[in-house]
């Protein structure tokens, strides 16, 4: 994947403009609420029976922060995101058996949360496309062990 300097710079800069803990937690909450079948991967998290239960679940919040931290770490590896995520790809395919489509769902929810946090003047359609590309590369990289 070829990355333009403007794409990389904007993607990196976004994470200094948002509350990473809040956006990470909200992203995973959104995934679990809007795409309820994803809850099957989080049986050990306790009560996920309603949107309120999900939003008040500390394990969901903590895991959302962890997931976003892993996404942010990918900004240090633009030249080799696939290689960087190889171990996570193996874990998700071989041990956790996560449907690879859910990685795309996560990317969609993250872009929604970023748009809400940054506003339309900052998170323009062009910049949204940068993040779609970034999350598509991450999704593909995480799903590569499935092929």
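Any Cβ shown, glycine's included, is placed from N, Cα and C.
The domain 'Globin' annotation in Swiss-Prot covers 2-147. Under the heading heme b binding site, Swiss-Prot lists 63, 92.
DSSP assigns residue 92 (heme b binding site) to a helical segment in the three-state reduction. Taken residue by residue with DSSP, residue 63 (heme b binding site) is part of a helix.
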